[in-house]
Amino acid sequence: MNNTTAVAPDGTVLPTQIMNKKLGFVAMLLSATGMGLVGTLGRLATPIDPDGNRYIIGDFLAFGRMTTGAIGMLLIILAVKKLPKLKETKLSFTVIAGGLAIGTSLALYVSSTLMTSIANAVFLIYTGPLFSAILAWIFLKEKISLKNAGFLGLVFIGMLMTIGIINYTTGAGLEIGLQLGSDPAFPNKVMGDIFGLGSGVFYGLALFFYRYRGDIDSEVRGFWNFIFGAIGAIVVMIFRMTTLDDTNPLSVMTGTNWLWAVVLFLVCGLFAIGLLVVAGKHLLAVELSTIAYWECVVALILGALIWKESLTLIGAIGGLLIIVGGMGPVFGELSKARKRRSQRAAPPAGTPV
């Protein structure tokens, strides 16, 4: 376990926080796995319009994830008898902002995948972990070692390879590029790219704000995170319905869509986002960032197995880079823990044996 001291945005020093690295790594890995299911479950939960296109209801799905998470977390709080702690906990800017940021990010992201290419949407949201690591370096004074910076660079390059921004073909050779211009195949592409960029900014802010208020119980923090996340998703939904697409999800979703939506709400909401809060309490921002990219590998595998999307050699190599870079901090921390245990077990120098 490690102790860390954080400085709040107003300059006040927060209480020393005890970090359980092993718990944090496991929670983040499971959270990223759940997040990687969003694309598949989101497609199954989204109805298709008469023109053959999917309705833009990503904000509603994000709202459902947050609402289900809030209800589930409240039931957990009641089950473990922590309702008094919920009542006693004082909300702060970082608690409110963290929830608003994650809700807004996820609402923008799912809508972005329906308006622009998957490659663009994924790339733009995954600028967030890098943004978070930089913010933590500036404001929390979290040191980014050369080793962790290398791991972060490795997973970022791996992500670019898995989504096709870095590609290699026999005929064209090495290709590097991200299409940000207009595209006839995506009538709302410019707005989709803007939504994608916004999702990355808010995702980075959420990961950053999760580093504060480690004094709050994970269940209590999770409950408020879901409550304010639902508010953030509603704001995006109101904006979308008044400016882009006035589709009412309740009027177009079928029974099958609702069934998959419930699975999405539970797995990608209560489970994945709930564990993200736990991970944020026990890991540094750069550690959160490296493991977060595991989501890309999960999405890549599901795309190949379920949606029959092509899995290129470059994409597979990119996935391997993400695994190596993401697991690097985990094995590094476990190695340090073993050394600390062996040092404590060893007799002091000069002690008779």
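Cβ atoms here come from the backbone N, Cα and C positions, even for glycine.
Copied over from TrEMBL:
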type	residues	note
DOMAIN	23-163	domain 'EamA'
DOMAIN	191-325	domain 'EamA'
TRANSMEM	23-44	transmembrane segment
TRANSMEM	56-79	transmembrane segment
TRANSMEM	91-112	transmembrane segment
TRANSMEM	118-139	transmembrane segment
TRANSMEM	151-170	transmembrane segment
TRANSMEM	190-210	transmembrane segment
TRANSMEM	222-239	transmembrane segment
TRANSMEM	259-279	transmembrane segment
TRANSMEM	291-307	transmembrane segment
TRANSMEM	313-334	transmembrane segment
Helix, strand and coil residues within the domain 'EamA' (23-163) as assigned by DSSP: 110 helix, 2 strand, 29 coil
Same-chain residue ranges lying at least 6 outside the transmembrane segment (23-44) that approach it to Cβ under 8 Å: 54, 58, 61, 106, 110, 113, 118, 256-257, 260, 263-264, 267-268, 271-273, 275-276, 278-279, 281-283, 287-288, 291-299, 302-303, 306-307, 329-330, 333
Most Cβ pairs under 8 Å with the transmembrane segment (56-79), selected from 91-112, 151-170, 222-239, 313-334: 222-239
Distal contacts, the transmembrane segment (313-334) - CB-CB under 8 A, six or more residues away: 21-22, 25, 147-148, 150-155, 157-162, 164, 166-168, 286-287, 290-291, 293-294, 296-297, 300-301
Selected stretch (most C-beta pairs under 8 A with the transmembrane segment (222-239)) from 91-112, 151-170, 291-307: 91-112
Tertiary contacts of the transmembrane segment (91-112), as residues 6+ beyond its ends and Cβ separation under 8 Å: 8-9, 38, 42, 56, 58-59, 61-63, 65-66, 120-121, 124-125, 128, 192-193, 195-196, 198-203, 205-206, 209-210, 212-213, 216, 221, 224-233, 235-237, 240, 273, 276
Mean of pLDDT values spanning the domain 'EamA' (191-325): 93
